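Structure first, commentary second.
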């Protein structure tokens with residue numbers, strides 16, 4: 001996700017605030033945005049910003065696709081490590097000559113999964129008070145949040161196995177089933193049990209989406225614009241969250257509108273299933289399965305008929321057509337793959353432990369301490385920072401590179417957290433504490449959206465070998481959802497015991513550790529084909 005972004009709805013802690021005004025929306029971490037949006041004029045402003053940013057990105061992507069003719073293949077030099085590795089010849093999937101195919105419509109179809117991801121995360125926040133009164137389940141609101149996270153954890157692990165067995169497009173279609181049924185059950189629920197089952201199924205659906213949306217986009221995107229297209233996932237998650245908030249506007253006049261809010265999610269679920277019926281399968285997966293005829297058809301659709309022979313040959317020569325059996329879950333922990341798999345899991349762990357949820361939970365009180373009493377204004381600043389940062393990250397993804405953005409992001413987050421901590425404790429800054437807290441919050445969200453939010457979900461499909469890619473992505477995202485659940489369960493207790501200033505200082509320390517870890521363990525993937533990256537990592541480069 002697309003996350004991002006990549007910040008998630010946090011189980012117990014998020015629903016502890018169910019009596020807050022309808023305008024407060026708490027969203028997920030790491031593969032999503034970690035941002036709260038508010039009602040009012042900000043809707044138009046944020047929607048316009050997101051639309052312009054996304055439009056600019058898609059325009060750049062269109063230009064990038066047609067500019068591939070000027071790009072020459074880059075060789076990757078890698079010396080075999082003492083522990084051995086996959087001796088595969090990496091022939092980059094770059095195109096020389098005019099391309100008549102197109103990728104953008106199929107990226108758009110896949111991003112329906114990202115929209116549903118954001119929508120299901122955000123829809124309950126506005127509707128919670130009304131559905132609790134209607135069903136008489138106010139005391140069980142926490143359980144509903146836990147059900148979604150539990151389902152997402154199961155879905156993230158399931159998604160990898162399904163994608164390996166049935167392919168990417170068929171997994172999208174299977175994913176539409178729990179997404180649609182979950183939405184329908186929530187919309188028609190007459191009891192807490194039905195609501196929980198519905199949220200559990202929706203959670204399974206968004207868990208699968210969190211794994212396969214970035215995976216599919218990464219595998220069908222041309223190398224030179226893979227970063228820009230991959231980060232579009234993050235913007236669509238933002239749009240999904242925003243759509244959930246907008247959908248709740250009629251609630252004040254019609255308390256039963258919450259059923260419609262859940263029910264409308266069935267529509268994009270059906271569209272996702274139908275759209276994937278017309279979308280090409282990942283050529284990489286098809287060649288890996290030995291389905292060369294279908295791979296040729298997919299390549300013709302994506303890149304044009306003139307590239308079929310060349311790209312099928314390149315994929316086969318690069319080791320995608322290997323005769324090795326399909327990787328199992330235990331293979332991820334073997335000496336051959338564990339180092340790179342641990343990098344993926346660590347990135348999401350650092351993302352969750354870096355404090356995005358603390359900033360989200362306390363942003364309203366922070367802004368009020370600075371004299372900003374309007375929740376709309378507070379959410380506008382935070383939301384605008386997130387959208388702006390995501391747009392900037394998208395434009396820089398294929399220029400600065402993923403690793404550089406991660407280092408910049410976590411470094412900025414560390415400084416912002418330090419500023420937030422000092423603003424609460426340093427007496428010399430007492431007169432400026434409110435202003436400094438606001439500046440720290442905005443800088444933190446901006447820094448997060450530049451790298452820590454969108455990059456992990458984009459980077460993972462790039463660094464994992466084709467044989468383990470789907471399962472490794474699923475394992476890493478499973479780490480995201482598990483840590484998400486645990487942090488949400490204990491966060492408020494830790495704040496109560498140690499104080500928010502100490503917690504902020506701890507988050508700053510985590511960010512510093514993340515910078516050190518990334519500098520020593522994350523490989524740059526900018527400008528490399530997936531096959532080049534695979535060779536570089538498996539041979540010790």
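Cβ from N, Cα, C; glycine included.
Within the set 498-519, 520-541, the record from TrEMBL flags 498-519 under the feature transmembrane segment. With Cβ pairs under 8 Å as the measure, the transmembrane segment (196-217) is packed most heavily against 103-121, out of 103-121, 229-250, 340-364, 404-424, 472-492. Between the transmembrane segment (436-460) and the listed ranges 229-250, 256-278, 340-364, 472-492, the one holding the most Cβ pairs under 8 Å is 340-364.
Sequence-distant neighbours of the transmembrane segment (256-278) (same chain, 6+ residues past either end, Cβ-Cβ under 8 Å): 109-110, 112-113, 115-116, 119-120, 123, 126-127, 130-131, 134, 169-170, 172-173, 175-177, 179-180, 183-184, 186-188, 198, 202, 205, 244, 247-248, 250. Counting only same-chain residues 6+ beyond the ends of the transmembrane segment (404-424), those with a CB under 8 A from a CB of the stretch are 347, 350, 354-355, 359, 366, 393, 396-397, 432-434, 436-437, 439-441, 443-444, 446-448, 450-453, 455, 459, 500-502, 504-505, 507-509, 511-512, 514-515, 518-519, 522, 524. Taken together, the residues in the domain 'Major facilitator superfamily (MFS) profile' (106-526) have a mean pLDDT of 84 on the 0 to 100 scale.
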